[in-house]
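Some features that TrEMBL has for this protein:
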type: BINDING; residues: Lys154, Glu238, His273; note: ATP binding site
type: ACT_SITE; residues: Arg330; note: active site
type: BINDING; residues: Asp574, Lys749, His779, His781; note: Mn(2+) binding site
type: BINDING; residues: Arg646, Thr915; note: substrate binding site
type: MOD_RES; residues: Lys749; note: N6-carboxylysine
type: DOMAIN; residues: 1116-1185; note: domain 'Lipoyl-binding'
type: MOD_RES; residues: Lys1151; note: N6-biotinyllysine
Amino acid sequence: MLLNMRGRHVALSVLAVRRACHLSRSAHTSPQTLEYKPIKKVMVANRGEIAIRVFRACTELGIRTVAVYSEQDTGQMHRQKADEAYLIGKGLPPVAAYLHIPDIIKVAKENDVDAIHPGYGFLSERADFAQACTDAGVRFIGPAPEVVQKMGDKVEARAIAIRAGVPVVPGSDAPISSLQEVQEFCNTYGFPIIFKAAYGGGGRGMRVVREYEELEENYQRAYSEALAAFGNGALFVEKFIEKPRHIEVQILGDKYGNVIHLYERDCSIQRRHQKVVEIAPATQLDPHLRDRLTADSVNLAKQVGYENAGTVEFLVDKHGKHYFIEVNSRLQVEHTVTEEITDVDLVHAQLHVCEGRSLPELGLKQDKIRINGFAIQCRVTTEDPTRGFQPDTGRLEVFRSGEGMGIRLDSASAFQGAVISPHYDSLLVKVIASGKDLPTAAAKMSRALAEFRVRGVKTNIPFLQNVLSNDQFLYGTVDTQFIDENPDLFNMKPVQNRAQKLLHYLGHVLVNGPTTPIPVNAKPSPVDPVVPAVPLGDPPTGFREVLLRDGPEGFARAVRAHQGLLLMDTTFRDAHQSLLATRVRTHDLKKIAPFVAHNFSNLFSMENWGGATFDVAMRFLCECPWKRLQELRSLIPNVPFQMLLRGANAVGYTNYPDNAVYKSNKENILLQKPEKNGMDIFRVFDSLNYLPNMLLGMEAAGSAGGVVEAAISYTGDVSDPTRQKYTLDYYLKLAEELVKAGTHILCIKDMAGLLKPEASRLLVGALRDRFPDMPIHVHTHDTAGAGVAAMLACAEAGVDIVDVAVDPMAGMTSQPSMGALVACTKGTKYNTVPRPKVFDYSEYWEVTRGLYAPFDCTATMKSGNADIYENEIPGGQYTNLHFQAHSMGLGHKFKEVKKAYVEANKLLGDLIKVTPSSKIVGDLAQFMVQNSLTRAEVEERADELSFPLSVVEFLQGHIGIPHGGFPEPLRSKVLKTLPRVEGRPGASMPPMDFQALETQLRETHGDDITPEDVMSAAMYPKVFQEFKEFTTTFGPVDCLNTRLFLDGPKIAEEFEVELERGKTLHIKALALGDLSKAGQREVFFELNGQLRSVLVKDTVAMKEMHFHPKALKDVRGQVGAPMPGKVVEVKVKQGQTVEKGQPLCVLSAMKMETVVNSPLSGTVAKVYVNVDSSLEGDDLILEIAE
């Protein structure tokens, strides 16, 4: 067959010669070729993929090609694919340029164009354009102007169909000119009805109306869309047929009255009346119905003398009755599937017919047209299915297509670096798959779509993949309501896009510096730590096996029966909280974790969670604290994990409802199912030793199956008889209550390092005498330098467990040195762990600590200080206060801050000081230093001073009742008439609605929300929101090594990033571009050997530039643009009262109009846009005050 699409790989010059010789012979042998006029140059009056499709066909036939382009399309591929390209519509809007007939004809005449192909859309069905071509002596590749007029006018085409005996849908006899005519039609035929553009198709100007109240708005929108798309807003109206199949027949005619059909296509899968997936032939179509459809199509074409390619469209109802809709007198977007199943190149045929060749001469006779297999076309668009298919715009940062056997791609602007504008259709690429049957073609299509990688804009690929896997699509029949009736199609697997997001992050750090606040002007060490060798196989068993086998009670008995001193390693939490502002990342913990599992299996436990770890992980390290716990558990299965639980505060800094601490409506919460997230031992404490708060935390931990370790927060000095508030008797009585409440282990939490050796002997000795069978655990800090001595004294007094940190992470405000304690107990009955392994462990952390130089307390604090026995500042807070004083330029006043801390503590009644009570004392101390207030002045002026909020809330009773009660008259002076909390704060709080919270989170962040996410949002709502927004933008930054995370790469640096096992990125930072007018810099990388670039906003530069404000998602009254586009109408003004759902403005993008409705009732406070304003997504449109 002359039009066979396969095997044409001959040089163009040879093609042209052979074609000329063949045509010359044909002219002498066939009387039908007397009108043959060869085409030497073709212009395509269109853009994008259809222009390129025609250029390729012309090139195959040896025809020279001409492109036209608008000012907005200077970078488009179609102008580069043509032999010549010329600007049209200078100064006109983007769409108007391609509708400007005089410019197009002028270019054609000036450049000796023989024929113009209109493509689809734009002028393709405009009879005046076809006539203008004819008048200018340029051939129009399509039907004659009078046929275009008849077929393009849907009312006239309808009348022709009726005369030809083709069934039609009830509709208006002529284009409607007023809303009144529509109302009269509705009164006659009822609802639903459908508006259609009289002079164009493609779903533009098409609106379904089901109720009278929607009539006027939809009429105006349909008219406006048709006018914008086709230059004529004329509409006609017809009865809307519910749930039909949309079947269309491809026809082809010549100048000699020959008309054939090339069978049908099923185009029923649509949204907004625009086709999404097309199939040829239609599945499960009755053969008799097929015959009627094709016969009616050919008869209709013959009745009007149809020439060239066209499509006759029908609706087929559920009873198998078909109704004529319209004739598209042009090439269709979906012509590709017909080509695949018939082996007919339709564009070749169009060109030959235009030249004067007859269909029989081309070998195109009806009896020779056969169906061969099935073909599917998917329109990959830059639309976001999760947001109602709103068009997305931007730059294609990455584009990789799917290819292979049975796959055809028709595209134009689908390449890396291409800019998708809001001015034109959202089609990115047409993917066509062929196979012996529909399931085979669908499998090839699914595979090809899975190979696509499109980054920078959203696409509908995940939605298309769901369609292709739908059983109704594969094995049944679909109708035009298929998408609406299958909401599961929108349950799409999120695109990970990890590599490109990480490049965005690295680019952001290169342009704007670290994303986490850096307190010290120091760079991370360039040296990476070396992980000590780890043997193959599973690690030896440890105490966790005892816990899993014998339960918490059996575990406690085993600990008490153990010979020697047990150690808890705080390196994974409290040590770096005290020395490095809790900034150590999971990345570095995971690297050393297997070594710990294999060499420290006899540790009592590892403290690796709770305290500040939880919110710092999300807030500053941009990683999930739950994921940290899960990953460490998999790497260290043999050593028990311990966490710090602030009683009724859980892992937060305030009180929460009881159900947030204890249980959550049949869902996994912080403490339930500890085996899932790996937590074993819960050290429960309260910042005031307030027993009701502690009992709540203990009960929750115990009911979850964990080991309960009740911790008494220690302050004062039991060895000093002059200190009468926190005496030995106080601690013994509190311990009695905790043992009575069922604790498995008793802990002394010496958060400030106040336990001196003598006090250690007294306190531990008394507890051991009182509770001989209870395991005792002591936690301390080494701020004064006496920590090792104190812990040895505890061991001598009968303690079972003490806390230590690996040597490079020990001392100062951290815990005592592991190496020192191991050395001091070696050879004694208190023997602990092997010394050589401690040295290897230390070497890793010595280098690792250098990575965190920007957070290291030694930048400002060179040693510990024994004045801790006077000011009683907890270790972690001591470090933080030191940092804060220096960052505020008050480093020279740190001594005053410490003195003020003592006075503030006395003002508040001498508190137990640990988070959050220690923060309250610290806030008051800084308040006193900043305002130069003495203790006496604060007491005297308490009724007039504006105290820190934390102080006021403490005095109200928000964190509990301190031992000895609240200080008076200070409390009464500060609070005046403010309400006071009586008893345990959480008891009076309403339960948290976790189900509602989860629903809200899923609406905001998608369906991949976990029970752990819900708990994170419950504890830290704002932090969690910001964390999710960060990871959505920048991806899994926890995969980066610490130097890259903090400081970014150096230009020309090469490095690897392991996303997961077996998936490693090879990255090289190449260059940093200059500042653009948009306030952006382009950052260039090489990723896996391919050039990639990202655009990064320069935050410093943008402060000096003006940009349209964005709508804040958490502010209810701010209404943002749902998509990029141009404002075509503003329906409200400032001061106007609006109701929820009321239209506010109309946006137009990619020839589609969207009405923006009010999300709430209220008054318009300010309007930020005007008609013709160009907006980006989420740009602020207006503000509504409730």
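Cβ from N, Cα, C; glycine included.
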Checklist line | Distance, Glu238 (ATP binding site) to Lys749 (Mn(2+) binding site) (CA atoms, angstrom) | finding: 80
Margin query: Please report the distance from the Cα of Asp574 (Mn(2+) binding site) to the Cα of Arg646 (substrate binding site), rounded to the nearest angstrom.
Written below: 14
Margin query: Looking at the binding-site residues listed here (Lys154, Glu238, His273, Arg646, Thr915), whose Cα lies nearest to that of the residue listed as 'active site'?
Written below: Lys154
Notebook entry, point to check: Residues near the Mn(2+) site, Asp574, Lys749, His779, His781 excluded, by Cβ within 8 Å of the Cβ center?
Noted result: Thr570, Asp750, Met751, Thr780, Asp803, Gln815, Gly875
Item checked: Number of other Cβ atoms within 10 Å of the Cβ of His779 (Mn(2+) binding site) across all protein chains -> 28
Checklist line | Alpha-carbon distance [Arg646 (substrate binding site); His781 (Mn(2+) binding site)] in Å | finding: 18
Check: When a 10 Å sphere is centred on the Cβ of Lys154 (ATP binding site), how many other Cβ atoms does it contain?
Finding: 25
Notebook entry, point to check: Out of Arg646, His779, Thr915, which of these binding-site residues is nearest His273 (ATP binding site) by C-alpha distance?
Noted result: Arg646
Checklist line | Lys154, Glu238, His273 excluded, remaining Cβ within 8 Å of their centroid (ATP) | finding: Gly171, Ile194, Phe195, Lys196, Ala197, Met206, Phe236, Ile325, Glu326
Check: How do the residues of the domain 'Lipoyl-binding' (1116-1185) split into helix, strand and coil according to DSSP?
Finding: 0 helix, 39 strand, 31 coil
Item checked: Cβ packing number for His273 (ATP binding site), 10 Å threshold -> 17
Note to self: Please give me the CB contact count at 10 A for Asp574 (Mn(2+) binding site), counting all chains in the structure.
What the structure shows: 30
Next item on the list: Go through Arg330, Arg646, Lys749, our recorded positions, and report the one whose Cβ sees the most other Cβ atoms within 10 Å.
Entry: Arg330
Margin query: Are there any residues at least 6 positions away along the chain from Glu238 (ATP binding site) with a Cβ closer than 8 Å to its Cβ? List them or say none.
Written below: Val169, Pro170, Gly171, Ser172, Ile193, Ile194, Lys196
Note to self: Rounded to a whole angstrom, what is the C-alpha distance between Arg646 (substrate binding site) and His779 (Mn(2+) binding site)?
What the structure shows: 15
Notebook entry, point to check: How many angstrom lie between the most widely spaced Cα atoms of the ATP binders Lys154, Glu238, His273?
Noted result: 16
Next item on the list: Mind looking up the mean pLDDT for the domain 'Lipoyl-binding' (1116-1185) in the predicted model?
Entry: 87
Next item on the list: Determine the minimum-neighbour residue: among His781, Thr915, listed as binding-site residues, which Cβ has the fewest other Cβ atoms within 10 angstroms?
Entry: Thr915
